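A.B. asks: Per TrEMBL, the features are:
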BINDING   Cys47, Cys61, Cys64, Cys70  [4Fe-4S] cluster 1 binding site
BINDING   Gly100, Lys101, Gly102, Gly103, Val104, Gly105, Lys106, Ser107  ATP binding site
COMPBIAS  1-13  compositional bias 'Polar residues'
COMPBIAS  31-42  compositional bias 'Acidic residues'
DOMAIN    92-256  domain 'AAA+ ATPase'
REGION    1-60  region 'Disordered'
Amino acid sequence: MQQKVEINGQSRRQMQKAINEKKKKSRDVTGQEDDADDDDDVSERNCPGIKSKDAGKASACSGCPSQQICASGPKGPDPGIELVQNRLEQVKNKILILSGKGGVGKSTVTALLSRALAADDSERNVAVLDIDICGPSQPRVLGVLGEQVHHSGSGWSPVYVDDNLSVMSIGFLLSTPDDAVIWRGPKKNGMIRQFLSEVDWGKLDYLLIDTPPGTSDEHLSATTYLSEADLTGAIIVTTPQEVALLDVRKEIDYCRKVGIKVLGVIENMYLFVCPCCQKLSEIFPATTGGARRMCEDLDVTYLGGLPLDPKIARYCDEGKNFITEMPNSSITDSCKNIIKELAKYRKETH
């Protein structure tokens with residue numbers, strides 16, 4: 001139930017109406033806005049900025065909700081950026097795997113791509129970093145649930161799935177897989193910084209970074225560090241329905257605003273593979289043309305589609321390698337085509 005807030009006998013709506021009337025009269029007389037009573041605008045114009053030595057201390061900061069944060073924040077570059085740069089300098093291609101909406105199969109797609117990249121060339125070193133702090137799934141999907149992470153003088157050692165495929169996840173640091181991670185943004189950001197600066201990956205050809213859905217603290221933190229560490233770009237995963245594409249458009253907008261190159265979009269579950277006859281059929285109608293149409297409209301590369309095969313769920317639950325155990329499946333063929341598209345963005349030198 002909403003409460004009616006009154007100040008000096010006036011409701012907020014009445015006060016706002018009075019202010020608007022005053023401004024209108026001022027414009028009628030002078031042709032200009034009367035800013036004398038507009039304290040918020042004055043404060044905004046006089047804001048010293050978060051990097052200033054006066055941040056949070058200037059008179060314009062009085063009453064600002066961010067005053068304490070600005071006053072206590074660092075005034076110089078984040079020292080963690082240099083640590084991340086040094087740690088990842090031997091990683092050729094760093095790719096964020098994003099999704100606007102949860103439940104589109106982003107973690108499954110990340111695992112499939114990592115398996116496909118590793119299987120395509122035994123000399124290619126691939127790794128997965130799971131920064132979905134509150135919902136880590138890569139340990140189970142990649143079949144290494146219950147493994148322990150070792151720490152040495154050179155940093156954390158990732159867990160090896162195969163000779164040329166490794167993974168790091170907060171899932172390895174939990175007492176049990178059922179433990180809930182109940183952290184606020186700063187602690188999540190600190191964990192991501194640790195992963196990026198302290199994991200000893202060695203020389204890598206590809207580092208795929210599995211993120212949570214949306215554009216939250218984890219994304220901003222990863223973007224801050226990786227943008228200064230030669231980030232290759234981002235792959236966005238979606239399903240054909242408009243309800244998923246709505247959020248993907250926001251994700252693409254986010255990437256463009258923060259300067260991340262969108263390598264392309266993968267349309268997951270765009271067809272269904274019948275377990276009996278292997279016939280392909282549509283179960284999620286592309287009511288607005290699907291991801292391909294959206295990519296055309298937004299000038300983004302359509303990397304390809306992955307069909308929905310019931311076997312995928314079982315293989316993920318059991319941690320098995322779908323790519324090598326089902327080499328002739330339509331999903332394996334699609335993954336191979338997608339990594340061929342990715343090769344266009346590949347960097348060959350560190």
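Every residue gets a Cβ built from N, Cα and C, even glycine.
Tell me about the setting of these features in this model.
C.D. replies: Packing around Cys47 ([4Fe-4S] cluster 1 binding site) is summarised by its Cβ count: 17 other Cβ atoms lie within 10 angstroms of its Cβ, all protein chains included. DSSP assigns Cys47 ([4Fe-4S] cluster 1 binding site) to coil, not to a helix or a strand.
Using a 10 Å Cβ-Cβ cutoff, Gly103 (ATP binding site) registers 10 neighbours.
The average per-residue pLDDT of the prediction over the domain 'AAA+ ATPase' (92-256) is 95, rounded to a whole number.
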A.B. asks: Can you check what DSSP calls Cys61 ([4Fe-4S] cluster 1 binding site), collapsed to helix, strand or coil?
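C.D. replies: SS state of Cys61 ([4Fe-4S] cluster 1 binding site) = helix.
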A.B. asks: Who sits close to Gly100 (ATP binding site): which same-chain residues at least 6 apart have their Cβ under 8 Å from its Cβ?
C.D. replies: Pro213, Gly214, Ile236, Thr238, Ala244, Leu245, Leu246, Asp247, Val248, Arg249, Lys250, Glu251
A.B. asks: Could you measure between Val104 (ATP binding site) and Cys64 ([4Fe-4S] cluster 1 binding site) for me? Cα positions, answer in whole angstrom.
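C.D. replies: Given the Cα positions, Val104 (ATP binding site) is 39 Å from Cys64 ([4Fe-4S] cluster 1 binding site).
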A.B. asks: What's the CA to CA span in angstrom from Gly102 (ATP binding site) over to Cys64 ([4Fe-4S] cluster 1 binding site)?
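C.D. replies: Cα-Cα, rounded: 34 Å.
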A.B. asks: Between Gly103 (ATP binding site) and Cys47 ([4Fe-4S] cluster 1 binding site), what C-alpha distance do you get in Å?
C.D. replies: 41
